[in-house]
Amino acid sequence: MIMPKDISLAGAKSRTGVAKPAEDAVTHRAADLTAARRPGVERKPLVLASASPRRLALLEQIGIEPDALRPASIDETPRKGERPRTLARRLAREKARAARSRLHREPELADACVLAADTVVAVGNRVLMKPEYLDEAAAALQLLSGRSHRVYTAVCFITSDGAIRMRTVETRLRFKRLSSEEMESYLASGEWRGKAGGYAIQGIAGAFVQKIVGSYSAVVGLPLNEVVSLLVGEGMPVYFGWLNRAEIDPA
Ligand SMILES: Cc1cn([C@H]2C[C@H](O)[C@@H](COP(=O)(O)OP(=O)(O)OP(=O)(O)O)O2)c(=O)[nH]c1=O
């Protein structure tokens with residue numbers, strides 16, 4: 001068992017240190033929340049089975065700091081006739097399992113929970129892989145230009161006693177029709193490298209999106225709404241990070 005780095009209630013204090021009546025109420029609510037959840041503060045270590053800097057940044061955005069990063073290298077080739085949603089779920093599960101199976105070598109992580117995810121971009125049932133080369137990225141952009149596509153992000157969480165929990169989020173997007181100048185400039189930017197479907201919505205390609213229905217964060221790599229509900233449901237003290245946030249960044 002480990003404790004989160006800081007479980008102080010500083011986040012509930014007013015910015016000036018002089019609590020206004022309304023802030024008092026917030027302080028009390030926060031104190032109650034902390035007291036009510038104090039037994040749950042202890043938690044198992046959390047391992048993020050990902051090499052994606054986006055996934056780590058998304059977790060940090062919601063105040064979750066994994067205790068260790070253990071990326072899993074697996075074969076991501078789709079099976080014959082495998083649907084994009086099924087593929088995303090299978091790969092997320094395989095990444096989580098592969099990372100977990102290696103944890104027994106590390107005594108301090110032996111009882112860790114593992115979180116992994118996979119993002120698949122598809123036009124109909126056609127899966128667009130992560131392009132390695134310029135011509136592959138160009139082909140992906142051609143296919144996405146002026147059309148709708150779907151992004152499936154599956155999350156797999158393995159509890160410390162080995163139970164598997166999955167969440168899958170489907171997001172529909174429509175890209176504008178890309179001019180040859182836009183395509184060439186985008187390809188030159190290199191932002192497509194290592195990204196499912198050959199684009200990154202959090203970068204220049206955000207300007208290509210005419211419509212999005214679903215979860216923006218899932219397209220970037222992790223559906224934050226579902227991840228929080230999953231982790232909270234498994235007893236992770238997610239809200240403690242939120243209580244402490246105001247101390248660092250009093251918005
Ligand atoms: C569509 C899209 C994908 N991506 C990224 C998220 C993922 O990193 C990647 C999809 O490939 P994944 O195989 O899901 O992830 P990964 O190999 O990069 O990392 P890991 O398996 O170690 O977790 O594409 C974006 O950053 N922005 C986008 O808009």
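Each residue, glycine too, has its Cβ placed from N, Cα and C.
Pulled from TrEMBL, these are the features on record:
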{"type": "ACT_SITE", "residues": "Asp118", "note": "active site, proton acceptor"}
{"type": "SITE", "residues": "Arg54", "note": "site 'Important for substrate specificity'"}
{"type": "SITE", "residues": "Thr119", "note": "site 'Important for substrate specificity'"}
{"type": "SITE", "residues": "Gln202", "note": "site 'Important for substrate specificity'"}
**Message:** Rank the recorded sites Thr119, Gln202 by how many other Cβ atoms lie within 10 Å of each Cβ and give me the one with the fewest.
**Reply:** Gln202
**Message:** Under DSSP, is Asp118 (active site, proton acceptor) part of a helix or a strand, or is it coil?
**Reply:** strand
**Message:** Quick check for the class: what is the C-alpha distance, in angstrom and rounded, between Thr119 (site 'Important for substrate specificity') and Arg54 (site 'Important for substrate specificity')?
**Reply:** 12
**Message:** Cα-Cα, whole number of Å: Gln202 (site 'Important for substrate specificity') versus Arg54 (site 'Important for substrate specificity')?
**Reply:** 9
**Message:** Under a three-state reading of DSSP, tell me whether Arg54 (site 'Important for substrate specificity') is helix, strand or coil.
**Reply:** helix
**Request:** List the residues of the same chain that sit at least 6 positions away from Asp118 (active site, proton acceptor) in sequence and have their Cβ under 8 Å from its Cβ, in sequence order, or write 'none'.
**Result:** Glu76, Leu87, Ala88, Arg89, Leu91, Ala92, Lys95, Thr153, Ala154
**Asked** Taking the Cβ of Arg54 (site 'Important for substrate specificity') as centre, how many other Cβ atoms lie within 10 Å?
**Response** 18
